[in-house]
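Participant: Heads up, here are the entries from Swiss-Prot:
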DISULFID  43-302  disulfide bond
DISULFID  54-226  disulfide bond
DISULFID  80-113  disulfide bond
DISULFID  178-188  disulfide bond
DISULFID  208-247  disulfide bond
DISULFID  242-271  disulfide bond
DISULFID  363-370  disulfide bond
CARBOHYD  56  N-linked glycosylation site
CARBOHYD  338  N-linked glycosylation site
LIPID     480  S-palmitoyl cysteine
SIGNAL    1-19  signal peptide
TOPO_DOM  481-524  topological domain 'Intravirion'
TRANSMEM  460-480  transmembrane segment
């Protein structure tokens, strides 16, 4: 938004010059001339456009854009990122503990983010604690996982508000734009699925602080409002106005680009989608005051001329030029034909350039055609010079015209924020690198017995264990077989039913070989 503030000083606002300020007014409709006495002469009220007979003025209040330079409508916000911190510990056979930290992300909920932000703003001491990693627990020969879910708040994160559709513009949004802020949806998605953007103030409308209340006078006829006199004293017509919302506030965009919010009973059409309004700045406001002062000065000059006419009982073309209405609308036109003072009802329109009313030498265009003169005299002090050129007294006075040109040059449209990206995105305009964390519950998970080996190592260990068990089994079976073999032999011999006995050298009978062996050994 290239906001600079709208001030619309339309002295001839409602004229069909579409934003151009007039340098002169001339009748586009001129009634029949009738003779009058000098006492019927009067000075027009140039501060009110007496169009359509709306001469009833009543005080009222209206809302307009604030005066002051607005480079952009800034909305302070913050980003909220969901982070899961995982601490994994393993304790081996001898009690050695290994800890590994990992981080993952998750998409946070708006309510949790708002609560975390409120903690931060309130200076809750739990924030300092929540910045730490989860405290790791451990168990012998086991892997223990401890996790914490944290909400990382980064602020400030500033976005630009478009007053026309209340959309937000920032680099953090997908495609640079967010249109989802409503009463039911109070956040914007960002370029990351696990990060959302939220305004610091849940009521987004409070960020659009660009309006001010003013007092003026409503011009109406019956129940119809034709226009109003603004707080600075200038009349603004509602002819050609259309309805337009700014920051969700319904108002009227006038022909000169002014935006006002006021109650009217007339049915007004909506403005086209691409219709913009002008800004209101101090410079334009100052020029508008100068224009009002100039109009007041012109009225004083008119009263002086009228007083001179009454005192001298004489009228000149130059004095009659002071009685011309300076703003569009209904008024009077005066002239002198054959030494007779004449008056006619007229409806004045604005003129942008002198060529509009003097297209060629000797031609004064009124109502689309060259107006006839009477002995070189037109009206309102306009005469035909000796060289055949049309002479208008106001062509010699350009002060009011200069004010209007200055005013016109100061009117700047209230544009969309991305119309000039350089005014929105500046180098180094990034959020400060500080983080506040909101950590809810801590989750702990304990695994089964873990020897700390990789998956292939576990298979090797199991295979080796099986092999060792098999070898031990074979060894035990072998040993047991050797121990039981002699008993098996003895049992076999007894099974034959034969008994072997021998006689020793001493003549003693030995019943068996074992007895003999033991007896022999004993004697030995």
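Using N, Cα and C of the backbone, Cβ positions are placed for all residues, glycine too.
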Participant: Could you round the CA separation between residue 370 (disulfide bond) and residue 208 (disulfide bond) to a whole angstrom and send it over?
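Facilitator: That comes out at 52 Å between the alpha carbons.
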Participant: What average pLDDT does the predicted model assign to the topological domain 'Intravirion' (481-524)?
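Facilitator: Mean model confidence (pLDDT) across the topological domain 'Intravirion' (481-524) is 50.
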Participant: Looking only at 56, 338, which of these glycosylation sites has the biggest number of Cβ atoms within 10 Å around its Cβ?
Facilitator: 56
Participant: When DSSP is mapped onto helix/strand/coil, what comes out for residue 271 (disulfide bond)?
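Facilitator: The residue in question, residue 271 (disulfide bond), is coil (DSSP, three-state).
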Participant: Output the one of 54, 208, 242, 247 that, of all these disulfide-bonded residues, has the highest number of other Cβ atoms within 10 Å of its Cβ.
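Facilitator: Result of the Cβ crowding comparison: 54.
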Participant: Where the distance is taken from Cα to Cα, which of the recorded positions 56, 178, 208, 338 turns out closest to residue 226 (disulfide bond)?
Facilitator: 56
Participant: Measure from the CA atom of residue 208 (disulfide bond) to the CA atom of residue 56 (N-linked glycosylation site) and give the result in Å, rounded to a whole number.
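Facilitator: A Cα-Cα distance of 35 Å.
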Participant: Which entry in the list of disulfide-bonded residues, 271, 302, 363, has its Cβ near the fewest other Cβ atoms, using 10 Å as the limit?
Facilitator: 363
Participant: Rounded to an integer, what is the Cα-Cα distance in Å between residue 80 (disulfide bond) and residue 178 (disulfide bond)?
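Facilitator: Given the Cα positions, residue 80 (disulfide bond) is 16 Å from residue 178 (disulfide bond).
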Participant: Hey, of the recorded positions listed (80, 113, 370, 480), which one tops the CB count within 10 A?
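Facilitator: Max Cβ neighbours within 10 Å, all protein chains included: 80.
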Participant: Please name which of the recorded positions listed here, 113, 178, 242, 338, 480, is nearest in space to residue 54 (disulfide bond), Cα against Cα.
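Facilitator: Among 113, 178, 242, 338, 480, 242.
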Participant: If one looks at the chain holding residue 43 (disulfide bond), which residues at least 6 apart in sequence have a CB under 8 angstroms from its CB?
Facilitator: 299, 302, 303, 306, 322, 323
Participant: Where among the disulfide-bonded residues 178, 188, 226 do you find the Cβ with the fewest other Cβ atoms within 10 Å?
Facilitator: 178
